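As recorded in TrEMBL, the features of this protein are as follows:
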REPEAT    59-100  repeat 'WD'
REPEAT    101-135  repeat 'WD'
REPEAT    143-186  repeat 'WD'
REPEAT    187-228  repeat 'WD'
REPEAT    393-437  repeat 'WD'
REPEAT    438-473  repeat 'WD'
REPEAT    491-524  repeat 'WD'
REPEAT    533-574  repeat 'WD'
REPEAT    575-616  repeat 'WD'
REPEAT    617-648  repeat 'WD'
DOMAIN    671-804  domain 'U3 small nucleolar RNA-associated protein 13 C-terminal'
REGION    816-972  region 'Disordered'
COMPBIAS  865-878  compositional bias 'Basic residues'
COMPBIAS  941-964  compositional bias 'Basic residues'
Amino acid sequence: MAAPPPLTLKRSYRSVSSLQQFYSGGPFAVSSDGASLACACGEEIKIVNTSDASVLASLDGDSESVTAFAFSPDGCFLFSAGHSRLVRVWDLSSRKCVRSWKGHDGPVMSMACHSSGGLLATGGADRKVCVWDVDGGFCTHFFKGHQGIVTCIKFHSDPNQLLLFSGSDDASVRVWNLESKKCVAVLEKHFSPVTSLALSEDGQILLSAGRDKVVNKWDLHNYSFNMTIPTYEMVETVCIIRPGNCLSALLEPSGRRKPSSSAPVYFLTVGERGIVRIWSSEGAVCLYEQQSSDVTLVSNEDDMRRGFLSAVVLPSDLGLLCVTADQQFLFYCPMKSAEGMFQLNLYKRLVGYNEEILDMKFLGDDEQYVAVATNLEQVRVYDVASMSCAYVLVGHTDIVVCIDTCISTYGRTMLVTGSKDNSVRLWDVESRHCIGIGRGHMGAVGAVAFSKKSKNFLVSGSSDRTIKVWSFEGVSEDGDQEIALKAKAVVAAHDKDINSLAVSPNDSLVCSGSEDHTACIWRLPDLVSVTVLKGHKRGIWSVEFSPVDQCVMTSSGDRTIKIWAVSDGSCLKTFEGHTSSVLRASFLSRGTQFVSCGGDGLIKLWTIKTSECIATYDQHEGKIWALAVGKKTEMLVTGGTDALINFWHDSTAADKQEAFLREEEAILRAQELENAVTDADYTRAIQLAFELRRPHKLFNLFSHLCRRRDVEDPIEKALGGLGKEEIHVLLEYVREWNTKPKLCHVAQAVLFRMFRIFPPTDIMEVKGVSELLEGLIPYSQRHFSRIDRFVRSIFLLDYVLARMSVVDPEETILPRNGERPLASENGVADEQDASQSNIQVDDISCKDDTGKSSTCTEMDGMTSLKKRKSSKSKKGSAKKINPEEKILPSNGEQHPLASENGVADEQDASQSNNIQVDDISCKDDTGKSSTCDEMDGMTSLKKRKSSKSKKGSAKKVKLTKHKNNSTISVEA
């Protein structure tokens, strides 16, 4: 025996396909190529792919239900109307409503589009017929005449014949001429509402069908009545079979038609009987009739809810589409039987609405099909690949609640179902017949389970609180005859309803879970009690034996999952995580993992050894009642109250490979980013940093570029190509940088460039921009307030220099670039001229005690100087200030305030000029000069008035720095 493959724990599952509700009954439309359907689903419009029943698009209509549909001839537009009285035009490429207008005074009940695509005809419950210009949205024709609701409407098949036909529930058909805008004929031969109209290819014959169980044939040359064809059923749809269609190719008569006679018209009818019949207008002969209906006729007194509701002849070789009353789309293709007879073969069944999913199980070893129990009397079997309902098992008289499957000892796939009709049915999947039925329960059968080893018995549990063991050894292998199953053992197991059953892998035990909060283990085949599992606080919804260990798992309404030892009934582990009742739980990975689903709509993947939930999936909008696990592939299928069936595949290996590829791609992109920085391609570097989501690298790039003085700003060039999503990400980064004082300068620089590049309208379109701006504004205001305080504090330097008589704004203009200062003739500067001049000090020679000049470092920031008053100099600590020598602070010291009278004149100081110091030449004591670097900031100096004029035309300022006492002597 070959060794099993190594065990790999599952890390993730992925929903690869789903079967959802797309048709809730009512109107539908087929595209011109037959590839898609437009279906009414509540208040929405679903565009469905006919190949696999996948929903291509969902169009959100208004709050009212849809009553009529029509495709444009090219399939690019869809027209819809509903109880809201609005006619809407949908662009199927963009899936948006491009035009709408109010159509009628009541709901639009029928709709048809002209072959040119430019005209749309609508018939409403207000008894009116309107023709609309599609591009303009205005009414071109308005017809009155019907005495009832307009039920069907149709344009003439010849585009040159501007005729419109309408049928009503007043049992009449009216012909409207679009050129004369008048009713040219009224065709009255029906005695009940007209349900369908059909035109021959040459446009000379009109067929009308009604619920009076007849089809009338009309000659359009003179609008005369030709014949009545009795159908003996209420006809919902009549369709002309055009020459060249796959249906007509198999209907060519052999020697029936006379050479001189005209070609007969072939047509088909569908109605309440749920069968397709094909007729010939020559002699009103029925050429073909289905022997049995593929429609499950519900037991309803209302005959209108039974059988077919509509039929459409599909283009090319797609065959025939019929729609049933229980929201099913049946696709037929014509073929010749072995005897050479014409017959219709059902090759696809799309179910538009599954209602509530109660239970599901995979069929066969290849797991190609899945059996689904819904709120119906039938069991639907779906093909996993095509999402088509392969067949339906019919036999129960009430809702099927539970199902289970197995492969018998003779290799046939078998299915057992339990229903609310108190019976258990055994089905042969290959023959699709019921081969056994077990009766004896006094209540609804809520749980069934096959034996796992011998596969010759099954167990059922009911709301009558009993468990029965049924043997099907006498069932014939051919599966053609239904026999009665015999109960081998019966036991009153619980005090309340039994919800779940499970048989052990060796067929020696059976476990039952009940609403009485307990699970019981029984020995087979006599149903002797082994142990009772007590510990749950609510009813138990599912039980399952481990495939490798002697333990059993239970899930309960108390939101917990427990694993119990079979030997003594002790609880080994308890798992908590669901927020509602845990309805299903099944083992995975040879008993090392399990998956659970509950009333919260969540699916959770657990590892038993670590007792942790490693993955949670939310794909359902309601309770998940059904969970099926494939034995070979361990594929999952889930379904619940939302009528949605999801198929899950193990994506552990795929996710690991994708993570490896993402990591490899990230490394390559990171290297590309470093190469761009090295090559000084900052635009590309910024783009890569955005793509890689590296805010720290992005900040370093912005910080480096903010210090550069390039003609072309690479930041603006990089930001110009950002989309709205990237702008949102950048604003998040800027908001984070702006909260830190060390990073705020770069954040403000980037923000300034963003507001300069993008207009406000584009920024306001960014999703969530209001929240981002709310986080930016308070910190930006704080930063600007701090800078404003710095600017105001630097005025202290101006004040100190003025009070020390270093600069006299009224008399002295310092030279620039070696020029002599300017002075007035009388030594007094004109105040008006002084107030209009900007004095810039370029070079000031500073020396220390040695006469050696020193170089000052560049000042990047603005120095904040605080003021203080000094009324009296302190002895021993203050230095004597000569008229020719003033004390200035050294680097890092605070400037003192000095004036002749000890009081600062704030008014005079506020009127001083702005003097910018560009370059200061400093000398030390040795007389050697050094050049100071250019100061980036602007030093604001204000002038003050001098009460006494000073003699002399100009003053030469000499600043000498003393190294020992850190003072500067000023000579005037």
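Each Cβ is built from the backbone N, Cα and C atoms, and glycine gets one as well.
What you are looking at is a predicted structure, and each value in this text was computed from that prediction instead of being measured.
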The repeat 'WD' (143-186) in contact with the repeat 'WD' (393-437), cutoff 8 A, at least 3 CB pairs, sep 6+: no
Positions whose Cβ lies under 8 angstroms from the repeat 'WD' (59-100), at least six residues beyond its ends: 26-33, 36, 38, 40, 42-47, 106-113, 115-117, 120, 122, 132, 134, 137
DSSP residue counts for the repeat 'WD' (575-616), split into helix, strand and coil: 3 helix, 26 strand, 13 coil
DSSP residue counts for the repeat 'WD' (491-524), split into helix, strand and coil: 0 helix, 20 strand, 14 coil
